[in-house]
Amino acid sequence: MTCPHHLIGGNLIIGCTVDPQRVHQVQLKRLRTFKDACFGVLTNLSFPQSSRTARSEEDRDGQWDAWGPWSECSRTCGGGASYSLRRCLSNKSCEGRNIRYRTCSNVDCPPEAGDFRAQQCSAHNDVKHHGQYYEWLPVSNDPDNPCSLKCQAKGTTLVVELAPKVLDGTRCYTESLDMCISGLCQIVGCDHQLGSTVKEDTCGVCHGDGSTCRLVRGQYKSQLSATKLDDTVVAIPYGSRHIRLVLKGPDHLYLETKTLQGVKGESSLSATGTFLVDNSSVDFQKFPDKEILRMAGPLTADFIVKIRNSGPADSTVQFIFYQPIIHRWRETDFFPCSATCGGGYQLTSAECYDLRSNRMVADQYCHYYPENVKPKPQLQECNLDPCPASDGYKQIMPYDLYHPLPRWEATPWTACSSSCGGGIQSRAVSCVEEDIQGHVTSVEEWKCMYTPKMPIVQPCNIFDCPKWLAQEWSPCTVTCGQGLRYRVVLCMDHRGTHAGGCSPKAKPHIKEECVIPTPCYKPKEKLPVEAKLPWYKQAQELEEGAVVSEEPSFIPEAWSACTVTCGVGTQVRTVRCQVLLSFSQSVADLPVDECDGPRPASQRTCYAGPCGGDTPALHPEEPDGLFGGLQDLEDLYDWEYEGLTKCSEPCGGGVQEAVVSCLNRQSREPADESLCVTSRRPPQLRRSCNVEPCPARWEVGKWSPCGLTCGVGLQTRDVHCSHLLSREMNETVTLADELCPQPKPSTVQACNRFNCPPAWYSAQWQLCSRTCGGGIQKREVLCKQRLADGSFLELPETFCPTPKLDTQQACRKDDCPSEWLLSDWTACSTSCGEGTQTRSAICRRVLKTGVSTVVNSTLCPPLPFSSSIRPCMLATCARPGRPSTKHSPYIAAVRKIYIQTRRQRKLHLVVGGFAYLLPKTSVVLRCPTRRFRKPLITWEKDGQHLISSAHVTVAPFGYLKIHRLKPSDAGTYTCSAGPAREQFVLKLVGGNRKLVARPLSPRSEEEALAGRKASAHEALRTHRPQKGILAHGSKGEKRGLAADAGSPYDELVARLLEQGGWPGELLASWEGPDSAERNVSSEEEEDGNAEPGPLPLPVTVALEQARLDRLLRNLSLQPEELRDVASKHLVAQLAQEVFRSLLEHRDPRLKPSERAAPAVAVHPHKHVSGFSSSLRSATSGEAGGGSRRAPRKPTILRKISAAQQLSASEVVTHLGQTVALASGTLSVLLHCEAVGSPRPTISWARNGESVQFSSRILLQPDDSLQILAPVEADVGFYTCNATNALGYDSVSIAVTLAGKPLIKASRVTVINTEEPAVTVDIGSTVKTVQGVNVTIHCQVAGVPEAEVTWFKNKSKLASPHHLHEGSLLLMNVSSSDQGLYSCRAANLHGELTESTQLLLLEPPRVPTQLEDIRALLSATGPNLPSVLTAPLGTRLVLDPGNSALLGCPIQGHPTPNITWFHEGQPIATLGLTYSILAAGQILQVANLSGGSQGEFRCLAQNEAGVLVQKASLVIQDYWWSLDRLATCSASCGHRGVQQPRLRCLRNSTEVSPEHCEGKVRPAVQPVACNRRDCPSRPFTRSVSGHCALPS
């Protein structure tokens, strides 16, 4: 490579054109040498004139030629640098730089391009180092010299600096955009501009606000086992950034990926290092006890982080990343017009848009992100042309009056699909429209989308169906051997009452056999002994009794009495075939053949006891008959012991009794006890049994009363584990729950699960409006209905049958303590020098009725002497014989607006105007005074006194110098010369031609707070005019230049800087190098003897402030729709006039007539005043455009004059001031003047509520507010609101009672879930999450100054909580900080208290204890399979047709709302059979099928956040499967076939074929196999052997 050159006019011209990305590695090394050689001699060389742009004023002044063209970029990708050169025209050296740079080729390089620094190192591979060749690798991120080319020999520790500078465009650091240029590291922002400090937000958006992504953080705890070797930790979607995972434990992390094209992959992270997974860089660190995984992102695929079991201990994984919000709302176009003529309307809608796939998706994807707010539908009129009619045209009526908006209309609910156990009822909902005649027609649904559509399905009859309830078994009918026992079985409904409706087929049996282990001392009975006790009678009656149902059945009536009074007789009864008619709920008789099953007996034998002395005998051949003949009863029947009864207790000591029976001695059959002689009955025998201690068991208490009478309440009971040692001694020991059999009986159950009737629900009473003297407190009362799932439904007030509760009541009905009411201070007793002021005081008390009365002064506390008299100081009196000075000091201010267009080291400016300057510029601000000594001049910045420092110098000659401006220097500077004051507003312009926002430091915030409080204290004192400020102040002082007065100019200046029509020279001047690299401007020298030369291009534009005021005022009068166009036109016109004036002022060849309007952009020392006149003439032409007033928003005129004391009893003031009421004040007049077109409407409010006018509070014809005979109730903040069709404006004024404290309070509710700090005024309600800093301002006023005391829940707070100026700071709030914070302001005249309620929000989370939700699941469906959802998902396998319960365990404050989804769709929109119970925590899904399986999600959200949990249902079914083929039936010979094997599978597992009965079998076709000739084989015949082949 050569460096081409040629000679022009004796000057050597060298040109270098390089492209480092395209050259060979060896050329990279040579390029470096040639580039240095070329650039090193460029300072004093000449360049062709044709390649130069026109010379600027700066170039001429510095004797530089114009800048040359930009060179080719140093790189073709990855961000390179381009340079531009200029030559020095002077024989001497020129000050400044001859080269400038800019970035270029800011596009990403392909992966195969490699690292730019590595290419430069590899270029030295063919150069020997100390006689040896090396393969060089780059050494990056050198903290000392990042722009040197340091390389390391591969395989060694040798590091060598191969070049002092890397090529231009090389990154300084691997993780930064900063690049090396000429061996220096230059700052590069994310906008790829040199010197830019713009950064990417956490979402990767340059100069973004972080709203396009959300922070996701969480913790996973492994639940791995021998059967579950891996699990999913977290799924990280495409585009996520700043991912960090830390695993602690023995397990191991690995990755699964899926690209947008569906390509899947898996990466096992086995060793520490940096890997590339699907084009995403993964940094993995492996330690003995933990693993760390980092990915900077953005991810180029969906990543699923999984964990693999590697040890017995559990592992935890903490993760955090920023997830992009990929679903956004997008507003649609307007739908078709509702009418073709005569005036219609049309609406827009909103659709959910997937930014990743660029397609529409379901709305719930956008609802998933709380940051997404769905746009409201827009409504507009359309087709307003009149419709043609027979008599001309119809009148066009407004659509909202004669064309009502479409509405949703619903049909009645259908009957419930099930009478119990949970059903579904539906209705039709359609969009209808009503015309003028009242006719209702159905229209398209989109016309009603401006309101939510009513639900079309709802659950019904969710109570349980009746079911059989079996009671305890009776004792066995025998005491030894085999017997029977009985029980009562009842049909119970969900209310616990005995009713019908149970299936007879499912009824449990009432009789079963029982065996007593005690041996019997008689022949063993062949059949069990039937019971002769009441148990049998009761069981038999309940067994035979039947309840009429909707199916025809036999219903027997009661048995009649026995036909005899003794002996054997008969009983009869009637048996009917009956059916229950469900519609009329009546019973109908049917023919006997309509009933199925055996008919119950209608007659039976009965025995009424022996007749007289006869004794019945039972003949063996007649089992139902009686004994014949008479026998001696005493010989035939006798008492005998027959074993023992069952032990009364199974353990802990029980009792057994000997069983005594009356037996027939012949048959050994039990007989009636009346047949045995009572006197012969043997004594009762007892013995102890089961004396061993009882095992541990659960002791269960009674259920408590239901917590609610309706709307699902809860019942609780005590359950504890106990161990009974001895029942006789009543000795019981309580044990741990683990020692009792599991599971533990439920301690909670749901009850009264049905809707409550509508009722009134009231909130807590608010604080009283007064602390004494009679006040009002209010509360909110709403009509609500508590539903069966625990939620509340707000209803109109007409739904509540009872009278509405009171919403307000009287409070603080006691007299206020007596207090002093002070008048205004009198004028100073002298006209000059030192004097005194006095004021009077009266003792006043406010009664409980609110009326103020004057009382004896002895009832008030002692009044200090200083409260009624104080000294005053006026101007110094003139000496005798010397006349006094009549003139006050004066400041010669300059009303101009300065705009700095390019960098320079120093500017000299004068107070009185505004300046928009570039950073790093030094400023000298002068304060020219008359009739005042300059050393006595004082300076302030934003109200704070300034003293000299290293950065700011306050000179004793009346000027202020700021060294190298920085953003914190922006503000309002005030120069004070005695009573005269002038201000200067300074703002900074950034490198992107944008105004730099002024940072507010913590100290500035404190100072601002102190300023607000000081002004409030000052407002409570009566204003006294100060000599010289208003009467003899400067013009600017009279106009009241405010600190924010520059705000009208900000937008104009910003647009002027952004104006795209500036000529090239002016743009180039803005893009010049830093001031440190420039030649010193002429402002620094201040040499009046400088040699005159060509007028340089001015670096500061000076605009007349009065001129801009008129332009802005004319602009504000423009119609709203033309204002933007007019402003753009004004900015373009200003820019062109500025530049044209610059050119005319620079070119001396212009004719005098052509220079009639000199430039507005002037040198600081050579101001050209003609620009003001040229603009003034233009304005007069513009202003004369007509007399019609343009539409304009309201503006209230602010006036800074103090309140005028017209007399001792009347005060007149304007808005923005403070009025202090005195005892003699009889009238207060508050002025409010507003301008606007149309004329604004004035309204007044006090403390946020509309003023109630009366005979004492009047609204004057000029909209002023007059208060006659003001009382304490009138104290507060009065707000004047000015409103018209274009907007509104409002200004407040404080009316205080002299002496008594006043607190500025707010009645708003602040909800914060994201910001780290919250600041509110006292009186507000704060709802925030834990960990934030809460500041509560308590701005008070009073005379003397009120003392502020803070309380929490009525207890005084310690001093560490206090900040200065009465504010309260709560750091890192937690649940213990929740409560009521009160600020009390007190002084000699009374006290006032305001409070703020601090409520902590808790985002939805999974509770640590899950017993309650499991108890709810057990109470809802004791026999139903259930599963709890979890953030990482759970799984439940079920059979088809089953029902399942899904629980969503949630905690949070306030209680989160729960919404269920199935496969991403809201469950209400699907055709599933389901019920939502327990306020959404339980989802019951019935009749499970293939469509029911999949992932179910519960979305819980409240004011603090969102939590999604999920569970998957898997429906396992049976099916036939064709398996591998069986062995071929033949190995050759063209006859072989293979039969496919048919298997019955369930979830890929083979089961018995009988499970697949009824399933469709696949067709089985045999497959031919081994169809080839068999090989030759020998065989033997009877005659001879020969080789033969089969035919």
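Indices start at 1 and increase along the chain as displayed.
Note that Cβ sites are derived from N, Cα and C of the backbone, with glycine treated the same way.
Residues or ranges marked as domain 'Ig-like' by TrEMBL: 889-977 (among others). DSSP labels the residues of the domain 'Ig-like' (889-977) in these numbers: 6 helix, 43 strand, 40 coil.
What TrEMBL records for 1006-1043 (among others) is region 'Disordered'.
What TrEMBL lists as compositional bias 'Basic and acidic residues' is 1006-1021.
Per TrEMBL, the feature region 'Disordered' maps to 1067-1097 (among others).
For 1154-1194 (among others), the entry in TrEMBL reads region 'Disordered'.
Among the features that TrEMBL reports, compositional bias 'Polar residues' is placed at 1170-1180.
Residues or ranges marked as domain 'Ig-like' in TrEMBL: 1194-1296 (among others).
As annotated by TrEMBL, domain 'Ig-like' applies to 1316-1399 (among others). On the 0 to 100 pLDDT scale, the domain 'Ig-like' (1316-1399) averages 84 in this prediction.
What TrEMBL lists as domain 'Ig-like' is 1425-1514 (among others).
Mapped onto DSSP classes, the domain 'Ig-like' (1316-1399) shows 9 helix, 48 strand, 27 coil. Remark: secondary structure over the domain 'Ig-like' (1194-1296) totals 3 helix, 57 strand, 43 coil, with classes taken from DSSP. Across the domain 'Ig-like' (1425-1514), the DSSP tally of helix, strand and coil residues reads 6 helix, 53 strand, 31 coil.
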